[in-house]
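Here TrEMBL flags 1-20 as signal peptide. Per TrEMBL, the feature domain 'Ribophorin II N-terminal' maps to 28-266. What TrEMBL records for 276-367 is domain 'Ribophorin II second'. Summarising the annotation, TrEMBL assigns domain 'Ribophorin II third' to 381-506. The feature domain 'Ribophorin II C-terminal' is assigned by TrEMBL to 533-631. As annotated by TrEMBL, transmembrane segment applies to 543-563, 575-600, 606-624.
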Amino acid sequence: MKPSILVIGLLSVLVTYISATRTIDNFLSKSDLQRVQQIFNDGIKSSDLQTIYYSVINSKKIPSETKDSLCKKLPGLYKDSKLNDFEKNYYYVGSSTTLLCSEKIPSELVSQLKTALDKDFSSTQELFYTFYAQKYLDSSVLKEDAMKEKLSKKLLALLKKDDSLTSLGYGFYVASDLGSSASSVIDRVEDAIAQADEVDGKLLQFEGGLSVTSLVINGALKVTSNNNKAVPLTAEQTKKFASYFLSRRSVTQAKGASLLLESLRTIMADKKITPISIRIADNGQLPPEDPVMKIKICDLLGEALKEKPAAVKLTLTSKSDNKKAIDGENLVPSSEDSTVYKLDLKSKKLAKGAYKVDIDAGSFKQTNMVATVLGKVRLDKIDVAISEADSQTPTSKVWLDKYSKFPDVFQLDNQQKLSLRFDLFDDSTNKIMSVHQAFIRFSDKSGAEIVFVAEQDVAKAYKFELDIGARAGDFSGKSGIYDVELIVGDSSLVNSFTRNLGQVNLKFSLETRKEKIDNSIARKPRAEIHHLFREPEKRPPRFVSDLFTGLCLVPILLLFILWGRIGINTSNFSFSLSALGFHGGLGAIFLLFVCFWLKLDMFQTIQYLLGLSVLTFLCGNRVLRYIASKRLEKAEKNN
């Protein structure tokens, strides 16, 4: 193999892998888009200038009466708005221009916006709103090279002072319209993207939520695209950002809805990185009558792809045995929906159960989706046998077909046992199948129910055996006629059923009933047990306690005796307020410890200790400063 061919092959595999990662299982559905559009419809009726702006720019058809009414109330809303001047200027001018209002924007505001571009801005946010407000009025001014150069310098200076994510986002937007004069801003894009936070390995977002994430991503993609620079995002990053935006589909405000749509459209504009959605079109459950696998392939807004895949292939793998049931069969486009591809599986006779779905759509792949093939269960016959409890040879045996019941009421006592055996078949494949639930239920006229589980043997046949005497406790020793029902259920069945098999008359012995009654008495609540705390140990005699207390005080007595013998140096003691406060506070703390030992609790002690500690600290600090100053004076005299 030639080296060039090897390189081309490796590049092909790499491109295929990268494309394969550009698939998600989410998009904005028609109901999502209708709900978002309703937000804009309601926003037009709002009295908030910002809400009206975002609603107007996203509404395709606004009745002429509504437009006229909006145009008339815009000046009043502008005047009453509490927003910053540069923000409300932008929203007012943008709304009026988009609506093509006949009412002219005040000439003072027009001249103010023109001169505003020459002043110094406090932030990139102010520059953004002023720049685009002027663009709504007259974009020709912003196309002048001298103006672009001037604004670029101001933008760079603002970014040097503030390089937060919000500041960078506004800066990217403005730079995207300033051309090559602001191309150096592109160098900040990579650093901004690196600050994204990953959530559960599936989403990427910036601190600040939808508004900041939308601002940075839209600005970054616009500035790089308008300057013909490399895309600042990898395919994997784009997929995670798109997943984050789609997770915010429940927005309720006009601004949030507008940012959501703008972000998805900006991502979709770059065909090299934009992900597509591949998912199962319905709930993933295929009924046995019409098992048609439908796969929806669309863009992030639920629309058909402009470049449709040449072929869409399906692979189904059973999750129970990991065997492929379908390997790479082509799906055909649906005539009803251009985003749906389908394959009729009726001829495949797939066994019921869960299947792993893998889709190969050319350079795009989606794996590990799950579909459930539903099935119908068939019960052909039930083998019913009655025998002695200690024997395996039946004394009576009948076979029930799928419609019949016991020929009569079976009479059973505590020396006998009832056995049932039956097979369940998958109606489509005619193979023996297993179900999640196979129960035998006994119920009497009082409504009491006793339910037993039927279990499969090695041949996958379901068996149930009831030893009347051994299981008398389950029936509370209550003799009488019981209805016997078979319950079969499974989440992947469309015909789970309950079938009445007939009746049995159970007769329990008197001993069994008495034993049950005794057991029921034994299970009644017992007398309440009152907790007894351990009695405290005997304290020593009072003489012993006083003796050891006295021994504890001996060191203090010894201290005073030694002071009396050797004397106490009180020459440095100052009878100032701070010295008295320090020694008094120290003594009070020791006294507080004695009170804590005798009667105070910890919280009371801490409460008192806080006040004493502050007083003692302040006084002690002053005393130490006084002593230090005296020593310094004495040292100077000696020198």
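For all residues, glycine too, the Cβ spot is worked out from N, Cα and C.
Under DSSP, residues within the domain 'Ribophorin II second' (276-367) fall into helix, strand and coil as 3 helix, 47 strand, 42 coil. In terms of DSSP secondary structure, the domain 'Ribophorin II third' (381-506) contains 4 helix, 73 strand, 49 coil. According to DSSP, the secondary structure content of the domain 'Ribophorin II C-terminal' (533-631) in residues is 77 helix, 0 strand, 22 coil.
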